[in-house]
Amino acid sequence: MSPTGHEPTHPATNAEENASQQPTDAPAGGADRRTGDAGERGSAVGGTAGSAAPGTAEDTASGTAEDAASGTAGEQGAADGVPAQPPLDPAARERARARAEAIAYKAQDRANRAKARTLTNMFWALLATFVVVAFLMTVTWRPKEEKVRAVEYTAQLEDGRKLAPWIRGPEPMPDGWTATNVELRAPEQRPITWHLGTVTTEKKYVGLEQSNQTNPRYQNDELGKTEDDGTSTIGGVVWQRKTLLDRKDENALVLIGSGVTTIVTGNAGYPALETFAATLR
């Protein structure tokens, strides 16, 4: 004991006690708090893990996938700017198909009718044009008159008479008739033949054929197949009428005498043939 009656104080011991009390209290409290927080977190994790059963985890994953798909589809539709449409039932689809077919049929029908009207209009237009052209041709068209080329025959006729006195010619030529061709075969080309062709005022043909041969071959060469058609008496002389079978609408007058065959032929008819035969000298 100290002289004052109190127990002596040990500074070192008190200092150690103070030091042990102050630092130990603060860390201990912090450790306790950290321990409590860790326990709460462990309890929370353990409770969550324990409360989640295997089936529940699968359902949760499936639901999450479906939600993600739905969200993605919705986002895609929104991104495309097309609102999502509910699926149509079969009856609605059938009605839509029938409506589309009806619209297509009506469009095709209208096109066919328009085409038919176009063809009809073209036909009538062509017909009207043809009628107008035919009318104009009928009113304004005039057949071009064929000019008859006349030949001079009198000089050859005189030369022929010097070679063969039996050669004849028209004296005079009937009014309006025109000589168109003349031919004399010289004596060296025996038998001698004389030909004179004329055209009447009606543009019909009348020809004269003469030769110093009287056999049927000469007639056949000049006329072809013939058929007797009576007689014509001209200036007191009888001529044999013949119809030419190989030539349409042609006839002939044939006179055989004094070693000479004279034929007047053409398509002008018997009266014109007789008129020409009457002028032969």
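Glycine is treated like the rest: Cβ placed from N, Cα and C.
Remember, TrEMBL labels are computer predictions, not curated facts.
Model, not experiment: these values are computed from the prediction.
As written in TrEMBL, here are the features:
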- 11-24: compositional bias 'Polar residues' (COMPBIAS)
- 31-40: compositional bias 'Basic and acidic residues' (COMPBIAS)
- 209-218: compositional bias 'Polar residues' (COMPBIAS)
- 219-228: compositional bias 'Basic and acidic residues' (COMPBIAS)
- 1-96: region 'Disordered' (REGION)
- 209-229: region 'Disordered' (REGION)
- 122-141: transmembrane segment (TRANSMEM)
Helix, strand and coil residues within the compositional bias 'Basic and acidic residues' (219-228) as assigned by DSSP: 5 helix, 3 strand, 2 coil
Cβ contacts under 8 Å made by the compositional bias 'Basic and acidic residues' (219-228) with residues that lie 6+ beyond its boundaries: 209, 240-247, 252, 254, 261, 263, 265
